[in-house]
Amino acid sequence: MNKPSEVKPVALNVPDYVKHSGLIAWVERIAALTKPDRVVWCDGSQEEYDRLCEQMVQGGTMRRLNPAKRANSYLACSDPSDVARVEDRTFICSEREEDAGPTNNWAAPQAMRETLGGLFDGAMRGRTMYVVPFSMGPLGSPIAHIGVELSDSPYVVVNMRIMTRMGRKVFDVLGSDGAFVPCVHSVGMPLAEGQQDVAWPCNPTKYIVHYPETREIWSFGSGYGGNALLGKKCFALRIASTMGRDEGWLAEHMLILGVTSPKGRKYHVAAAFPSACGKTNFAMLIPPHGMDGWKVTTIGDDIAWIKPGPDGRLHAINPEAGYFGVAPGTSEKTNFNAMAMLKANVIFTNVALTDDGDVWWEGMTDTPPAHLIDWQGQDWTPAIAAETGRKAAHPNARFTAPAAQCPSIDPEWENPKGVAIDAFIFGGRRSTTVPLVTEARNWVEGVYMAATMGSETTAAAAGQQGVVRRDPFAMLPFCGYNMSDYFDHWLKLGRRLEETGATLPRIYCVNWFRKGPDGKFVWPGFGENMRVLRWMLGRLDGQAGGVDQVFGISPAYGDIDWTGLEFSPDKFEQVISVDLPAWRAELALHDELFTQLAARLPEDLPLTRTAIERRMAA
């Protein structure tokens, strides 16, 4: 039997149109390490996509859905052990531990390289290594960047075709010496000769590793979502945030939307919310009854890359080309535009299958179907669910859909120059304390709001606060460097723009989730959030009033347009009030965060907290 070192090198099959010698040498190195049976260079064509989908249907990874119900759409169901991002197996391997900071998992880069070298040795044996070139952002945009992912998963290839600008055109932009982020991914399940594959190969040992200084990503053991689609959180946030730190721009966990007034004035807003706070719903918001003439358009629902433009303003692109959204809870009531987007050309993962070859998930309809095949391939009925509590779809079940199919897509969504941002919005899920909406008085106060935002991880009992998980800027799992340095980067960027005379975006903090004495949400949310958005835009134009609070500026009841909605002043008081004892407790919690981050914390943040305390004492 041949020793591994004696294995005949695999043919690289480099296409004539690939001219980048550094890229070719890297592919050769990784192929020598991982030892795939063959190497395929992906061109991003429809024919390639269809062929790989059919290959996965034959292999049991995917199921073709009823074309009369969901044209050209598929359902994939993962291994039950491989269903979500694995934060505890996600590492930032900066040269110095302090550059990763206390909120990231750090490992020494040299030791990690040795560990991964052992795991990746022969990891693709029996499989195909796909070379997946992709652009994050419109091809050739000054805000865009290129990556190349080497993966042994055809599921990754087809998802990357939807989620990024993937294929041959990327090599034209890359040329012979262009910069790219190298991404290496393996499901970690090599096949011996004659060994039968499984429907969803993965490995109990998982690593998602980032090397900030060399801009590399290595992922082992998972075929799912952000662990395997390395353009998404790994590149577009963790690596890109470090690039932004070094180059003077921002990579943010933010939606981007356009808002056009009845008079034709257009605004652009970027908003950051942690998971389960309605980011995709807000990105695709439909103005409610009574707000005729207003229009909301979608540029992105998850990630924004933001760079200072020649005009001194901050310009943003959505670096993605698709939506990788959470399915459960999505319905025509909660997100009509998303449901319209999902009618064709979609890959669903870990949702349930109906008897007529369509998909279903919790929250899609008021009444579930009488019978389903659940995400684990088992029979499911409402009676079984009532008896066992078993969900038909996994709570983190996903859809992958082309952005161009979104009915509310903004005509500027692929503008290579990006769109100029007028306002930033930050929000969490809090049943008490945090008002419906607050405007920061200045950039520093806005950074403070974003740095201290959080969401309750447990349902709050009546009169009690839930356990609050701080999620600064909604970036806690995604910031690729020290969180204190990240705050400082925001502060410095604001100062630098102010010094040039630029108009900075206003910063707002929102909370749709305040509860009343009955434990129910007071604010109706969804489309009605447009009323809050309209107040913000009125503030930008100097047309809307506001009331000074200890913590920023909030609207009075009369400052909100209530046309078409019955919402009493008493209810409004429940969602806008500032409870001083609760805020004293809140500031103590802010202190806990600042203590954790004390080593490099910018002094502007404790000074802002002190100013809030002074106003409370006045």
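Just so it is clear, glycine is given a Cβ too, placed from its N, Cα and C backbone atoms.
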Additional site residue, R85, R89, R531, R534 [criterion: listed by Swiss-Prot with Y224, G225, G226, S275, N396, A397, R398 for substrate]: R85
Swiss-Prot annotation, Mn(2+) site containing H253, D302 - matching residue among K233, K266, K333, K343: K233
Same GTP site per Swiss-Prot - residue from R429, R495, R496 joining A276, C277, G278, K279, T280, N281, R398, F526, G527, E528, N529: R429
Assigned conformation of R398 (substrate binding site) - DSSP reduced to three states: strand
DSSP-derived structure type at R85 (substrate binding site), helix or strand or else coil: coil
Cβ-Cβ distance under 8 Å to K233 (Mn(2+) binding site), same chain, at least six residues away: R85, G226, P477, F478
Inter-residue C-alpha distance, C277 (active site) and R398 (substrate binding site) (nearest angstrom): 16
Those binding-site residues, out of G225, N396, A397, F526, E528, that come within 10 angstroms of D302 (Mn(2+) binding site) at the Cα: none
Pairwise Cα distance for R398 (substrate binding site)/G278 (GTP binding site) [Å, integer]: 15
